[in-house]
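Under the heading domain 'ABC transporter', Swiss-Prot lists 4-236. Positions annotated as ATP binding site by Swiss-Prot: Gly36, Pro37, Asn38, Gly39, Ala40, Gly41, Lys42, Ser43.
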Amino acid sequence: MFPVELDNVTVAYHKKPVLQDISLQVPEGKLIGIIGPNGAGKSTLIKTILGLVPRASGDISIYGKDYKDQRTRIGYVPQRGSVDWDFPTSPLDVVLMGRYGRIGLLKRPKKADVEMAKAALTKVGMHDYAKRQISQLSGGQQQRVFLARALCQNADIYFMDEPFAGVDAATERAIMTLLAELKEKGKTVLVVHHDLQTAEDYFDWILLLHLRKIAFGPTENVFTIENLQKTYGGRLTFLKDKVLAEGHKE
């Protein structure tokens with residue numbers, strides 16, 4: 001039984017396919033990068049798995065069941081730009097939202113939930129900012145808060161939509177440390193990622209996506225010049241650098 005399984009999933013906006021015939025069996029305990037050009041359907045794929053975007057056809061299962069039956073096993077970090085950061089709330093309150101899937105929306109968090117939220121903020125270096133207004137934080141700090149919320153969900157599968165976008169180098173390192181720790185705990189982590197320069201170092205599995213699945217598997221097998229050309233059309237300077245680098249290895 002796979003953490004995530006897709007069988008011939010197609011998604012269309014206004015009858016135009018944006019994802020077509022996607023079939024995947026996501027292995028457990030892997031750190032997986034979802035990579036492709038702008039408009040390739042990377043964020044749409046995550047949102048479709050989470051039931052946020054309807055699919056035109058195909059089947060999706062989480063540990064063999066429907067997403068609705070497995071919500072407590074899933075953590076989600078959306079794109080930072082999709083969040084209303086002017087909403088009057090504190091980092092601690094945001095992180096506590098990660099507990100509501102388990103305690104229920106209408107129940108007050110218990111002391112143990114609050115302590116877990118504080119521990120998650122400490123984990124991402126944001127304990128001292130717990131009571132500030134979320135709008136007063138920098139982009140990197142806001143992203144750390146969302147990561148802390150995901151930690152508080154204590155999930156088995158984590159979906160992260162461009163967690164490195166617009167963050168400073170220190171925050172990027174902190175995020176990668178956190179992702180590595182989740183993997184060590186046997187968690188399955190799927191990350192939408194844009195930076196091809198870091199992809200080989202960051203992920204042990206990669207999904208190359210451009211409306212269709214181009215390739216999916218261990219990074220050393222998938223992240224090849226041929227597959228990148230299929231995904232990006234050979235337009236990237238990175239491909240030239242990779243060709244030169246691989247030429248030097250021979």
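Glycine is no exception: its Cβ is also placed from the backbone N, Cα and C atoms.
A map of Swiss-Prot features onto the structure.
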residue: Gly36; record: ATP binding site; Cβ contacts under 8 Å, 6 or more apart: Lys42, Leu208, Leu209, His210, Ile214, Thr231, Tyr232
residue: Pro37; record: ATP binding site; Cβ contacts under 8 Å, 6 or more apart: His210, Thr231, Tyr232
residue: Asn38; record: ATP binding site; Cβ contacts under 8 Å, 6 or more apart: none
residue: Gly39; record: ATP binding site; Cβ contacts under 8 Å, 6 or more apart: none
residue: Ala40; record: ATP binding site; Cβ contacts under 8 Å, 6 or more apart: Leu209, His210, Leu211, Thr231
residue: Gly41; record: ATP binding site; Cβ contacts under 8 Å, 6 or more apart: Val11, Val18, Leu19, Leu209, His210, Leu211
residue: Ser43; record: ATP binding site; Cβ contacts under 8 Å, 6 or more apart: Gln79, Asp161, Glu162, Val192
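Take the CB of Lys42 (ATP binding site) and look out to 10 A: across all protein chains shown you find 25 other CB atoms. Confidence across the domain 'ABC transporter' (4-236), taken as the mean pLDDT and rounded to a whole number, stands at 89. Each residue in Thr44, Leu209, His210 lies on the same chain as Gly36, Pro37, Asn38, Gly39, Ala40, Gly41, Lys42, Ser43 and has a C-beta within 8 Å of the C-beta centroid of that ATP site, without being one of the site residues.
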